[in-house]
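Record features (TrEMBL):
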DOMAIN    74-165  domain 'Glycoside hydrolase 35 catalytic'
DOMAIN    169-372  domain 'Glycoside hydrolase 35 catalytic'
ACT_SITE  Glu204  active site, proton donor
ACT_SITE  Glu282  active site, nucleophile
DOMAIN    431-543  domain 'Beta-galactosidase 1-like first all-beta'
DOMAIN    568-623  domain 'Beta-galactosidase galactose-binding'
Amino acid sequence: MTSSVRVEVTARRIRHVTGGAALLEQKNTLSAVAAKMPPDLPSLPLRLVMLLPLLLLSQTEARSFVVDRQHDRFLLNGVPFRYVSGSIHYFRVPPVLWADRLLKMRLSGLNAVQFYVPWNYHEPEPGVYNFNGSRDLVAFLNEAARANLLVILRPGPYICAEWEMFISAFLAAVDSWFNVLLPKIYPFLYHNGGNIISIQVENEYGSYKACDFKYMRHLAGLFRALLGDKILLFTTDGPQGLKCGSLQGLYTTIDFGPADNVTKIFSLLRNYEPHGPLVNSEYYTGWLDYWGQNHSTRSSVDIAQGLAKILKLGASVNMYMFHGGTNFGYWNGADEKGRFLPITTSYDYDAPISEAGDLTPKFFALRNVISKFQEIPLGPLPPPSPRMKLGPLTMNLTLSNLVAPFSSQDGNLLSFLDFLCPHGPIRSVLPLTFEAVKQDHGFMLYRTYLTFTVFEPTPFWVPNNGVHDRAYVMVDGVFKGVLERNLKQELYLTGKVGAKLDILLENMGRLSFGSNHSDFKGLLEPPLLGQTLLTEWIMFPLKIDKLIRWWFPLQLMKRAQPQVVSVPAFYSTTFSVLGKLGDTFLYLSGWTKGQVWINGFNLGRYWTKRGPQQTLYVPRHLLLNRSINKVTLLELENVPREPQIQFLDKPILNSTLHWGYTYFLSETQSSYEPMELSGH
């Protein structure tokens, strides 16, 4: 092997180790040095040892990612560079699957990934930070590096992303948060030897009504103070947001989808960034789903053709989303487009890599386009993940030894209040919001007692659309119906003096885009019965997940199921998997709406009666092989005659709407107007 060949091999190997950059200048330097080496020098290992100090030194000196305005391009280590990136959200993917999803993204031809850092995921309470487990940002950055992917980071502070959101005392909190976050990512900046090539400041800020350049300058100064001057900072906005979203000193990029005129949109960008590379930071491969609307899909042909147009112009691009993932637990966000629109548990997004990690036809269509513009990694694609089916399984009302064995309310949520609210309730003349009692997510029970007898059905209502977001109403433990934000404004109740009125309030996810006012949850106004204002409230912030995790190992007692079930109620069953574990999809046919846990893990919300999503994704790592697995669900409204569940080997994400007895809509599905696309 000649010196030049050995140097080429060595350079290729080290390019792979150091992030995949096309370090041609390093190779040329090594070639020149190698040419001067004695021809009888021993084999490659010794030559590599002699060259390594020079290589590492030149790597440190040469690592850079900058804008070349003269030639309208990026330079990576001084070499012309264009990124083809895809979005993935580590907070929507179990950590055990990060490597799988990132490898598949790399094998599609992507050379970078783009992702948000959700503030409330890492700082659930002021000054309390969590970077462990599914929140281990450093581990995800390292996993991206192992997949040979550069990183475009979007730390916010606002991210949208259809993610559950609540922040108060904003600017001071931003400063505190970034003083924790940014030092963590500093070692991962590209010029420091890491894989982060650029960082977005804010997120589509031009869509916000304030147009506050002072705020943007404050953020830019904060990033520079904590990260230095070498890292490329940029902004992202839609065409209408460029005026207020761009800022001198930050590189301006734009976002648009396949239906837009590429040349026209990029010409708008040139009004704000006359020179430098063209960048589409969010090229939409699909779209999100709302409960009560059809599953969103986008044509693979259209997406691929649009990508080809972008790449032909020499532009860099990030595809949103390349892998969507799942809104596990309570983490879905919501939009407001004339009414409140909560987002489904699935964040499949009709992306090239499906929610369950499958390579879709869209993946191969985009891979084919990318291959015409840059090299696609060699090697076989991973095989599909194993799948499994199971059931049907019968669910039973759950009676734990926590509750008296002869209780008349087996499984009913009200029977567990002492355990769901272990620190006791909060009392107030007027109802308090979730935020006022520091209940971030999930459910809170409001209780009062009637001070007068109501003989005739009388309207029960909350003024000013004050139910945020769904209220499950009970009188003396008997379920009476639902009030729903924007849709169902009143119920008719009767009751004797002293009757117990319970209202279980569900937070369906906070608004993540739009006017961005604070989306407080709970009863925002005191309810009225007729014209009488109801006061003297007892509030139970419910810690359901803690109870489920603690309750899960207990042996549950079962007995004959009652003919009439009082909801909301807990149901559970156990099962074993004797064969090979596989990914699966929990199908809750006949059930109405609720929350479901597997082995104590909160899979998320189901809303079978409204759709479109009918199944919940269950990664196989959540299941136990040859051991007892437990499913627990909280049904909020109506239990099917045969309370059964099934595990399927394929998802059902698009179904016909079914409206149950508790639903009232001011509009039918056929009257839904086309949705204006929100930002991300």
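Backbone N, Cα and C define each Cβ position, glycine as well.
The distance from the Cα of Glu204 (active site, proton donor) to the Cα of the residue listed as 'active site, nucleophile' comes to 11 Å. Across all of the domain 'Beta-galactosidase galactose-binding' (568-623), the predicted model scores a mean pLDDT of 97. Secondary structure of the domain 'Glycoside hydrolase 35 catalytic' (74-165) per DSSP (helix as H, G, I; strand as E, B; remaining residues coil): 33 helix, 24 strand, 35 coil. Taken through DSSP, the domain 'Beta-galactosidase 1-like first all-beta' (431-543) splits into 6 helix, 57 strand, 50 coil.
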